[in-house]
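Read through the structure below, which is laid out as structure tokens, and then see the notes.
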Amino acid sequence: IELIHLMATELSSKKLKHLLEPPVYPEVAGRRGDNVTLPCILRSKPSHYKIKWTKLQPEHVGPENIIMISNAHAFKPYGHLGQRASLRKAHTMDASIQLSHLELEDGGTYRCELVNGIEDESVDITLRIEGVVFPYQSKNGRYRFTFREAKEACAEQDGILATYSQLYRAWTEGLDWCNAGWLLDGTVHYPILHPRPVCGGELLPGIRSYGPKDKNHDKFDAFCFTSQNSGSVFYIPGSFSFEQAVHACQRVGAELALVGHLYAAWRFRNYDQCDGGWLRDGSVRFPISNPRERCGGIPEAGVRSFGFPNKTTHLYGAYCYR
């Protein structure tokens, strides 16, 4: 037993000779626009070495994922992420990087790799963007998006397609949705908390999967992901057609809010307004943080939707963003 323990100790120490083990919490969280530090600490320095930071993206493994390469004297940034990355340099053994002005796409797993040509070793850190997942449907009805169209639809609403882990987290926080939607990896799922005959059948609660789908021909809704933003959402009461709502926002130096703007205001600022209002995509919605009987009639908080009413004959207030 002692021999086995000794061998295991030698293997583990050989595996990470120069880098410290991953931090106690190998996940760093931040919201869009935040600055974060991804930790990587040396326990000893080889005579010659480089530190390489890479974002791990399984679909596109290659040099385009390198963020920076540094040695004891200088560092060279690479790509879009490299432009927002810098070495922390809190002390001589610090190889941590700082990422500024986080973007929605920055979430994922990062690798700090010590390269000396003999005993390369690495530690992985996960960066989680704090945000909110929202289902999105075409104004033309259910299941109208190819994968590419779903990506574009989310981008138009200040979001990106959600990852499976983001959808799973949203499900644990209460998302129950009966329509299937595309995710970032090209798979199709929907989250069910309360199985019912028309939605999930008699199976247990969970994330339902549609299996492999054709990105170019199969059509579904989209699950989008967004985070905090630099602006604010506010409501202008009135009985406006869609065009009148556009002008109402413009008169106060704003524009009609996007769906992602409204979800972010609801999630991060507890925005609560019991009045339907136009959004820029032509839908009418309202955010509820404090559920009550005469406001939506549903016990859970959320963003309620009236769909896409006729822009001329239906009159509502306006949700503006600036």
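Heads up, the Cβ atoms here are built off N, Cα and C, so glycines get one too.
Worth saying up front: this structure is predicted, and the values here are computed from it rather than measured.
For C199 (disulfide bond), the same-chain residues lying six or more positions away in sequence with a CB closer than 8 A to its CB are C178, I192. Positions annotated as disulfide bond by TrEMBL: C178-C199 (among others).
According to its DSSP assignment, C274 (disulfide bond) is coil. Within the same chain, residues at least 6 positions away in sequence whose Cβ sits under 8 Å from that of C274 (disulfide bond) are F286, I288, R292, R294, C295, G296. Under the heading disulfide bond, TrEMBL lists C274-C295 (among others).
Residues annotated as domain 'Ig-like' in TrEMBL: 22-126. For the domain 'Ig-like' (22-126), the DSSP counts in helix, strand and coil order read 13 helix, 45 strand, 47 coil.
Annotated domain 'Link' per TrEMBL: 132-226 (among others), in sequence order. Per-residue pLDDT, averaged over the domain 'Link' (132-226), rounds to 95.
Summarising the annotation, TrEMBL assigns domain 'Link' to 229-322 (among others).
Here the domain 'Link' (132-226) has, by DSSP, the following mix of helix, strand and coil residues: 19 helix, 31 strand, 45 coil.
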